[in-house]
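Student: Take a look at what TrEMBL says about it:
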type     : residues : note
TRANSMEM : 18-39    : transmembrane segment
TRANSMEM : 51-69    : transmembrane segment
TRANSMEM : 89-109   : transmembrane segment
DOMAIN   : 97-233   : domain 'Fatty acid hydroxylase'
TRANSMEM : 150-170  : transmembrane segment
Amino acid sequence: MEAIIDYFETIPSLHRSLILVGGITLFWLLEGILPLFKFTYKKWTHAIPNMFFTLTTVIINFGLAFLLLKTADWVKINDFGIINWLPEMSLWLYALLGVMLLDFVGAYLPHYVEHRVKLLWRVHLVHHTDHNVDTTTANRHHPLESVIRFTFTLFGVFIIGTPIALVFLYQSMSLVATQFTHANIKMPKKLDKLMSYVLVSPDMHKVHHHYVLPYTDSNYGNIFSIWDRLFGTFMVLDREKIIYGVDTFPDEIANGNIKALLKQPFHKYRKPTTIDDVKST
Ligand SMILES: [Zn+2]
């Protein structure tokens, strides 16, 4: 564990980029071998806007990373934050707890808020308006959303008292985990279900990408599914019944256009339908 911590404390940017590219490549190949849905899309054309938003996410996170470093330094010097106030524990437990709490404050919480606050939902729309969810969807975040998520992570580092090594470890895990849960791959149903007791599984996250409520407002988890189970936001929907996208933004051409997506948060709020509305029409 100490070796892992040492490595992540000074992980070179090149290695972080390799994890990003390596993960996408791996899941891209798996999607060809064991696809969940047989999409009729052009895989590369579909990937262009998603790659663009992945790039803006990387740039924003890279540009603001110094704030994470400064905060992590400050909490260390001042012995501040939840995990530092707890009784002495093994390094393994300390790392696990740090990563889990970061997953809650830095990922579950902003995601939940983005679905609850109308203004933020309009920013988060870009992530949901993908009609063909695959591994490239993982970081399809409007630049404003990248800033929102970063702010929560920064607050997380402060309140949890996370050392920088754990922040970088968490970010690397989160990267691969989201590429995996968005990937258009079919795992055996039983294995997927078993996994979803502790971690977010591919099927579990796909429910969140269903085009209508109440499913869109469920399964906010990033790495660990325990937060959804704990706070009652866990939902199940058969993988065969899932339809990707958002009811209020059904234009597939616009949803694949970078310019239109950049402007998406600035549309007036559109009231969502629900499953019941759909049934009654
Ligand atoms: Zn969402």
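Just so you know, glycine gets a Cβ as well, placed from its N, Cα and C.
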Student: Which sequence-distant residues neighbour the transmembrane segment (18-39)? Criterion: at least 6 residues beyond either end, Cβ under 8 Å.
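Tutor: Beyond its ends, the transmembrane segment (18-39) has Cβ neighbours at 54, 58, 132, 134-136, 172, 175-176, 179-180, 183-186, 202, 206, 239.
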Student: Can you give the mean pLDDT for the domain 'Fatty acid hydroxylase' (97-233), rounded to a whole number?
Tutor: 95
Student: When the domain 'Fatty acid hydroxylase' (97-233) is classified with DSSP, how many of its residues are helical, how many are strand and how many are coil?
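Tutor: Its residues divide into 93 helix, 5 strand, 39 coil.
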